[in-house]
Amino acid sequence: MVFLKGVSALSRLRSRVKQHSSLSNSVRWLQTQTSSDLDLHSQLKELIPEQQERLKKLRAEHGKVQLGNITVDMVIGGMRGMTGLLWETSLLDPDEGIRFRGLSIPECQKLLPAAKPDGEPLPEGLLWLLLTGKVPSKAQVDALSQELRDRAVVPDYVFKAIDALPVSAHPMTQFATGVMALQVQSEFQKAYEKGISKTKYWEPTYEDALSLIARVPLVASYVYRRMYKDGKFIPVDDSLDYGGNFSHMLGFSSDQMHELMRLYVTIHSDHEGGNVSAHTGHLVGSALSDPYLSFAAALNGLAGPLHGLANQEVLLWIKSVVDECGENISKDQLKDYVWKTLNSGKVVPGFGHGVLRKTDPRYMCQREFALKHLPDDPLFKLVSQLYEVVPPILTELGKVKNPWPNVDAHSGVLLNYYGLTEARYYTVLFGVSRSIGICSQLIWDRALGLPLERPKSVTMDWLENHCKKAKAA
Ligand code: NMX
Ligand code: MLT
């Protein structure tokens, strides 16, 4: 009976899917709920066989279709422009930016449930969307918020592992150490040791992924409070959602900071598969390392200054501008400062991108947030000035493929405005957010049975010989 109810609800939902298919092929709508509709695990259990068949058919029918030619430039140039990964949760367009399961950031802001009318999207809603391809109802998001709160329990040895590090250790080192210590509880590792069949891998991966996502804000806020506050841990508030709770556990109580955190976590969650952190998580996961091991590896990539650490670098750089020139800096002074940075052999942090070729939409939505809530903040004004000054200079350099600002050019001034002023901590916030994208894809990696990742490498000798032969032929 319960099963039949589920089936008829499903066919109602499927007809809604068809009605809304003009919005996006990969996004489906759900508005009525049965109890299994509220449960993310049940939703996935239903979706997975469909998607397994889809992949099997794709490979059988189109396995030999070419996706492009690999050039020597691509091999030497960090695999730019080489399509080589399957990543279901999001897709990046060089001009338009990221789409999460087909939805742009403004569409997510409009369609995903919020904590209050016209509020920012709840990251749990995005998690649901990434995992299922469906826009969740508020009831589904509330159920997932509750599930994440229930899973948000961190054993004491995790905090002790962090405490073993000097308090001056970089926050990303402390955070990644905490995530490694969480691994002791991996359900995937236990199941593998017991000999689980590969057809079932996704289930303990799901358990680990959801628990990891639920627990990382606790580990991250512990690091923050240990380093910068009184060291007292603030427990989870049962009345708050994921983003609100993270902000609360860091020690912030304002409504606007909670809203900022919801937006922050949502937009930093996922950026297709080739970025350093996502790719690392996927690569390590392909060896059947569990989600904790895979995500800890991803964090170590995120901690690099050309990737996630750029958010720290941006605020430190902006503060160095203010220290040297004051807050009321003229355009010419700012230009000189940018040239001084470039001439000393450094990059301008927060500008440029490996794939994007226009202003990052994640920058734009943070700019809109600032225009709404902190239009007169001097550092926001400086960020706006940089938006005018930096791109023409980078263009003049003649080698920068994308002179426009990326996500990291903006995030620091927003956090700084609400009192989170410790720039060295910023990449940890990026890391917590990215757990949502990386862990979602890890579940699908195991559900689809994706194999060990092992591309071919060659030497310079090999390349030279290959090119000689190609020329002679
Ligand atoms: N300032 C100065 N030089 C730059 C910049 C920049 N913002 N962006 C690119 N270049 C240089 C780059 O270093 C390279 O120089 P060289 O040939 O001497 O090695 C040249 O321009 C060509 O680089 P691109 O092909 O345009 O960029 P690439 O794909 O190699 O690198 C980034 C992309 C993001 C690493 C690069 O733009 C950069 O270093 N930006 C500053 C750091 C930053 O904001 N990173 C955060 C990216 C977003 N995230 O969160 O991960
Ligand atoms: C990211 O969010 O991962 C960055 O924008 C870097 C990238 O996409 O390569």
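Placement of Cβ uses the backbone N, Cα and C atoms for every residue, glycine included.
Here's what TrEMBL has on this protein:
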ACT_SITE  His307  active site
ACT_SITE  His353  active site
ACT_SITE  Asp408  active site
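Here Asp408 (active site) is positioned 9 angstrom away from His307 (active site), judged by their C-alpha atoms.
A straight line from the CA of Asp408 (active site) to the CA of His353 (active site) spans 11 Å. Other C-beta atoms found within 10 angstroms of the C-beta of Asp408 (active site) number 27, with every protein chain shown included. In the shown protein chains, 22 other C-beta atoms lie within 10 A of the C-beta of His353 (active site). A coil conformation is recorded for His307 (active site) in the three-state DSSP classification, outside any helix or strand.
Over all protein chains present, the Cβ of His307 (active site) has 18 other Cβ atoms lying within 10 Å. In this structure, His353 (active site) belongs to neither helix nor strand by DSSP; it is coil.
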